[in-house]
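Working notes, beginning with the structure itself.
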Amino acid sequence: MSACINGLCRAVTVSLLLLLLSFSFSSACSNGNCQLLDSCSSATDCVSGLYCGDCPAVGRSKPVCTRGQATSPTSIINGLPFNKYTWLMTHNAFSNANAPLLPGVERITFYNQEDTITNQLQNGVRGLMLDMYDFNNDIWLCHSLRGQCFNFTAFQPAINILREVEAFLSQNPTEIVTIIIEDYVHRPKGLSTLFANAGLDKYWFPVSKMPRKGEDWPTVTDMVQENHRLLVFTSVAAKEDEEGVAYQWRYMVENESGDPGVKRGSCPNRKESQPLNSKSSSLFLMNYFPTYPVEKDACKEHSAPLAEMVGTCLKSGGNRMPNFLAVNFYMRSDGGGVFEILDRMNGPVLCGCETLSACQPGAAYGSCKNVTVQTRTPSMDSTAGSNSGGSYSGSVQFSRSLASVAQLNNIVVFCFSLLPLLIFLL
């Protein structure tokens with residue numbers, strides 16, 4: 001028997017695919033007048049919220065205006081329980097290809113994002129995945145292995161990024177941020193002390209108020225009124241009692257990350273997680289990123305394949321929409337990207353409409369505005385797919401080219417392939 005109710009899984013998948021497959025047009029415009037998928041040559045060509053980018057992976061030969069910001073769902077439909085919304089989350093949010101190197105050290109690790117935490121938050125990211133380690137007598141953000149941070153896998157002290165989060169919450173008093181920690185911190189009270197020193201304890205959502213049996217979370221309105229606007233989860237169960245940091249898989253289900261999480265037609269649960277259709281946890285984290293991050297492919301991944309996977313995971317979750325969508329290189333797409341998909345995930349749940357932009361504040365559930373979908377055709381050529389380059393500018397300035405960052409990750413793949421031999425020799 002299908003887990004879908006009234007064909008919701010099929011309807012969501014089909015609407016996502018139709019919208020994303022229809023994104024394609026090229027026209028002459030400039031001076032901030034260019035709309036989504038119009039041809040562009042610089043950041044100033046596109047209207048606010050769009051940037052100028054291309055996607056050779058789908059055969060696009062020229063840059064077009066590409067969506068670069070999420071629509072806040074609470075700005076349209078407010079006052080529902082926190083677990084009714086879907087939020088954008090960045091995988092390894094700290095692993096920024098443009099992050100400064102440590103003095104005298106060449107970093108050897110994978111990169112998953114291309115801009116700062118502050119930029120991510122300003123562009124609508126509301127969930128951050130952070131890997132925290134004991135390093136240099138402090139707690140650092142590292143993209144490492146075997147539970148140990150090295151100088152060539154280290155990025156920066158964790159408090160630096162947490163202070164960016166504090167500044168954002170302070171300046172945006174109605175916003176809620178979630179942090180998920182891959183936790184390799186062993187010092188006593190390390191996490192609780194770290195967050196207090198960053199000034200984030202005043203926003204802390206207490207574990208005692210988190211639903212443990214699959215009930216609804218408090219409404220976003222109540223969370224804002226009580227200033228419980230920071231949710232923090234750890235991968236270490238003992239820290240819930242020791243430090244008051246919630247154990248992640250006690251409160252959410254999660255699909256498998258890496259390549260198993262992007263395999264078409266399959267959405268298995270992560271081994272630490274309960275089954276995705278479990279009723280004992282009211283949050284659902286959907287991972288969608290390959291094991292090895294490849295920048296030039298991200299724009300293609302964030303189109304029809306992701307839209308289809310949302311439908312697959314919706315069905316695996318017992319007709320429950322994911323609450324967090326975690327991706328690499330969140331800005332890269334062939335048009336609407338993860339931002340359009342988020343709208344398509346929020347719309348049916350929040351207001352019964354195909355997309356968030358069709359929702360009408362204060363109207364009855366299912367009362368939707370007519371939304372015009374662009375159906376345009378971009379400039380294409382037969383050789384564009386072989387081009388590994390890319391140009392990106394706009395609300396987020398990428399200071400490295402796509403090709404140079406891809407080369408870094410390819411070098412890391414080679415280095416990590418030699419690691420077992422090096423460990424054996426040592």
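Just so it is clear, glycine is given a Cβ too, placed from its N, Cα and C backbone atoms.
According to Swiss-Prot, the feature signal peptide maps to 1-28, an assignment based on sequence analysis.
Annotation source Swiss-Prot lists domain 'PI-PLC X-box' at 76-232, citing sequence analysis.
Positions annotated as N-linked glycosylation site by Swiss-Prot: Asn151 (among others). DSSP classifies Asn151 (N-linked glycosylation site) as coil under the three-state reduction. Around Asn151 (N-linked glycosylation site), the same-chain residues six or more apart in sequence whose CB sits under 8 Å from its CB are Leu102, Val105, listed in sequence order.
Annotated N-linked glycosylation site per Swiss-Prot: Asn255 (among others), in sequence order. For Asn255 (N-linked glycosylation site), the same-chain residues lying six or more positions away in sequence with a CB closer than 8 A to its CB are Gly261, Cys267, Pro268, Asn269, Arg270, Ser273, Leu276, Leu285, Met286, Asn287, Cys313, Ser316.
Outside the region 'Disordered' (258-277), and at least 6 residues removed from its termini, the chain residues within Cβ reach (under 8 Å) are 3, 235, 248-249, 252, 284, 286-291, 301, 305, 308-309, 312-313, 315-318, 320. Under the heading region 'Disordered', Swiss-Prot lists 258-277.
In the three-state DSSP scheme, Asn370 (N-linked glycosylation site) is classed as coil. Within the same chain, the residues at least 6 positions away from Asn370 (N-linked glycosylation site) whose Cβ sits under 8 Å from its Cβ are Ala358, listed in sequence order. Residues annotated as N-linked glycosylation site in Swiss-Prot: Asn370 (among others).
Annotation source Swiss-Prot lists GPI-anchor amidated serine at Ser404, citing sequence analysis.
DSSP labels the residues of the region 'Disordered' (258-277) in these numbers: 4 helix, 1 strand, 15 coil.
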